[in-house]
């Protein structure tokens, strides 16, 4: 086959696969519409199949041509509304399209594929349409005798004929049949000639050809048509938008110009020119890197869309009724991730349908709707993508899982007794574990869930499971958006340098020797870090990678004479958070991941290696691998249990909050809840500009107004002789900066705020801390005192009779939140905890329009309060907003699963009011639409 012929065949494969890429989802949509046929959609599928048929006939691929021709006939009846797309008919179309896709992908073997079953099934579909009383146009002219082998038209003439036959379908069908008959005659003659030639000479004789331009494209009997090299090996190309290519071309031009400037500067020895050229090269390289990375990004819907077919087929096989809802198909991830997650997601979807969902009879007995729901979601979070597979089925029985694990010898009796329900649910990820009573082709062999976890962890991701018996299960997968270039923090451990991916890093904590006893503790023989209101296990990086242990605790190490401050990197993988103690912090770099050598392949704590900017090699830390290797999950469970016991024993009406402490002089201190602060910047006084009577700072390309605290409350002015700090926060959608002379600390403290001593606008209250008084600022009042023209939304938009339920155990926060909600025009009823609010709510289920609740409360916490609301048929549509101080991603995920509609930071007045308005308006519009739905039904 000539190169030109191979290129034509390769182009046929590419175009045909594009036509078939969406045919599965399109056929399922056609099926869902039933008798209400979407003619435009049927036409789209018809045109794709027709193009494949025509091209296959021209290229001498008879089996592809014949199967596409039969598919086309069925689709033609549908678009003429002579055939209703029932499930059985769509089954035949789906099965035939699967085979057609496989034949196109392996075009070299397509003529050997048996398609007789598909042809019979499709002919039966056509016959069912005819039997229903419809008459169809003849799709073949049987009377036409096979003509002598003619010379085929050249490719341009074929294009012209293609245009004409679109205008006259009956004529097109007749021409197609005539060409097919002629082709069969030529193939028969070719076989006879080849057989005769074998008797005369040992070498094979090529099949008769039409003309020189297509000689090698016409296969004879027993001869394979060569296909493109990439067809069998997976996709070797991706789609790239013209806009991205143009951008890359411009960047390449800029890089060439910068290179020329660098060469000129080197030739002229202009040292001053190096800095500007180097900066320009750095900028262009960064932009080019971003543009190239975008070319690898693909929508995750490329994987998600195939599961509609999977669920459809499984529900029919298992006699279940299930709706699949897909969200976040537009989220883009790296092509490598797309290709790697297909199999794990298939395992999870099949398990959800088979194990998780009940039969219709079982659901009705349990008081559920006959149709179950499986949700497949994707959402980006802080440089990662979170995928959730959630069902509203039977949930996982932890006792059954324990007993199965005991029977299989996977755990001991002591482990089973000490294991929490959440730990028991995680046992399903062990190799060989299965609760299926019978082995089937769907599930039950104990392979799948362990493969899911292994494959996801190979990608640098994590898997977590959340389940409630009788309610359902949610599997949460967290993955990086890309694997090619990873922003990382370079750290030092002894003489070695290691890279920790920034996607796993939550925060950095530096502990001074004098603070060691307050920040570190021991739980069951393991070091833990006290971080706000939780205890996190800590691992020493030098011990993980084979360094000798000192035999001392971290507190003992810091008590040594001359001990330096310790750096702890708080990391997160899935629901596991812990600290990594390192010897030093070096730099942040974007690293290119390289595989490690064979000597380190078996190390579970490494995910690869990289070459740093100075030429040194650094190993890449596998955060998930360290957690598994050191069994941190068990330490975390014990630490959380101990922390919970202490918290319950000492709990009062106050609440632990993370606050920023600062001052303008040593004799005074102010506090701001960290949840309200966007960032803190360090500046020099010379960077401040005066514009009229206002001071401004250019930050991140925007002019930001600055506030002097002494102009709003009783306070000393900021000292401008040295370094200044700007505390940045948002009001009315705009960033504002508060000037400060000194940042003291960030502390997690109980906010026992006294609101009576300091009765001053801009001061929310005061608290006693370490024998001094700290004033808590009300940023909303301070902002509108200093910047009166910076207004929020007017009160007139508030619905006057909107009744809010506020559940908050802290007297300070309850008073603050209820006051500014009433000032905004809302009617507020406040309660001291979730139990009191629930008891009031169930007495009159129509009393409230929206619920605002704290999370951590005695008797009944906010999550349980929300679960009860969402489980009640009369209250399930009541919007719920959770108030929080600083919520991690895992906290937000837990809240979403409980049914919380939105998270808002405490005392962030503007955003809380906005969220209340948006959610209440949405709920009212849904409620108003319900009577209309009933009338339509």
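Backbone N, Cα and C atoms are what each Cβ position is placed from, and that goes for glycine too.
Here is what TrEMBL says about this protein:
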type	residues	note
DOMAIN	1-107	domain 'HPt'
REGION	137-158	region 'Disordered'
COMPBIAS	144-156	compositional bias 'Pro residues'
REGION	193-236	region 'Disordered'
MOD_RES	854	4-aspartylphosphate
(request) Tally the residues of the domain 'HPt' (1-107) by DSSP class, grouping H, G and I as helix, E and B as strand, and everything else as coil. (result) 88 helix, 0 strand, 19 coil
(request) Using a 10 Å cut-off, grab the number of neighbouring Cβ atoms around the Cβ of residue 854 (4-aspartylphosphate), all chains included. (result) 24
(request) Give, as a single whole number between 0 and 100, the mean pLDDT over the domain 'HPt' (1-107). (result) 85
(request) Sort residue 854 (4-aspartylphosphate) into helix, strand or coil using the DSSP assignment. (result) strand
